[in-house]
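Noted in TrEMBL for the protein shown:
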BINDING   Gly13, Ile14, Asp15, Gly16, Ser17, Gly18, Lys19, Ser20  ATP binding site
DOMAIN    11-200  domain 'Thymidylate kinase-like'
Amino acid sequence: MGSKKGCFIVFEGIDGSGKSTQISLLQEHIQEHSINCMTTMEPSNGPIGTLLRQFLSGRIKGEETTLTALFAADRLDHLNNPVNGICKLLDDGIAVLSDRYVFSNYAYQSVSVPLEWIMKCNEMANEIVRPDCHIFIDVSPETAMERVTRGRHQTDIYETKERLTDVRDRYLDLIHRMEDVENIIIVDGNRSPQEISDDIWAKVCHYFV
Ligand SMILES: Nc1ncnc2c1ncn2[C@@H]1O[C@H](COP(=O)(O)OP(=O)(O)O)[C@@H](O)[C@H]1O
Ligand SMILES: Cc1cn([C@H]2C[C@H](O)[C@@H](COP(=O)(O)OP(=O)(O)O)O2)c(=O)[nH]c1=O
């Protein structure tokens with residue numbers, strides 16, 4: 001579906017793994033080569049993403065199948081919305097860096113919802129666009145928790161050491177199982193932001209130079 005022209009790179013990892021930090025650094029690298037590059041995230045800034053953030057903060061309660069379906073629906077809106085959707089940006093030749101995509105749904109929601117059903121919910125998104133590459137930033141749950149709680153009074157519903165430990169294990173298992181189908185790079189996130197960024201650039205620069 002669609003005629004993708006821009007490069008689509010997705011960052012994955014547990015909360016606090018350093019995704020947004022690395023997305024900004026990669027965007028700078030890409031723009032240094034005079035390539036138009038936009039960053040985006042899931043949950044998106046659209047109506048379903050805004051609703052999801054209220055569930056994530058605990059302000060409203062919902063059960064996990066509802067959240068699973070909402071994450072998948074938000075993803076379709078994030079892809080297809082005609083104003084600033086990922087497909088529109090890629091079709092315009094813009095490189096897109098997204099903080100999370102389908103693997104987040106698989107890893108986070110499969111803790112309590114059958115993975116097969118989550119994959120079905122994401123079939124349409126995978127048909128619309130598969131990332132050129134997924135970058136998984138791997139950090140220990142201890143490091144992640146230390147980072148997400150630093151200077152914050154409140155945490156989101158998934159930001160517990162137990163949940164992040166389970167989610168990280170699920171990510172690693174899924175990456176292993178899907179290495180023939182998806183292009184996935186695992187990056188050690190327990191280094192300085194600059195070292196990680198240099199490593200990522202060395203692995204993805206071939207898309208841009
Ligand atoms: N490599 C790193 N080493 C130490 N702290 C980091 C590193 N990368 C990010 N941080 C810090 O950890 C916190 C979470 O990083 P962030 O990039 O927002 O992660 P995420 O988007 O995955 O939640 C921020 O305070 C950030 O400044
Ligand atoms: C996109 C997506 C996110 N999530 C969760 C992961 C995070 O806990 C939260 C996103 O919150 P966010 O504040 O963006 O966290 P982070 O800094 O780690 O990216 O939503 C899912 O559980 N399933 C999904 O499909």
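Glycine too: its Cβ is placed from the backbone N, Cα and C atoms.
Where the annotation comes from TrEMBL, it is an automatic prediction and has not been curated.
Averaged across the domain 'Thymidylate kinase-like' (11-200), the predicted model reaches a pLDDT of 97. Less than 6 Å separates the Cβ from ligand 2 in the case of Asp15, drawn from the binding-site residues Gly13, Ile14, Asp15, Ser17, Gly18 in sequence order. Note: the ATP site is recorded as Gly13, Ile14, Asp15, Gly16, Ser17, Gly18, Lys19, Ser20; in the same chain, Ile137, Val139, Ala144, Arg147, Gly189 also have Cβ atoms within 8 Å of that site's Cβ centroid.
For the binding-site residues Gly13, Ile14, Gly16, Gly18, Ser20, the largest tally of other C-beta atoms within 10 A is found at Ile14. Packing around Ser17 (ATP binding site) is summarised by its Cβ count: 28 other Cβ atoms lie within 10 angstroms of its Cβ, all protein chains included.
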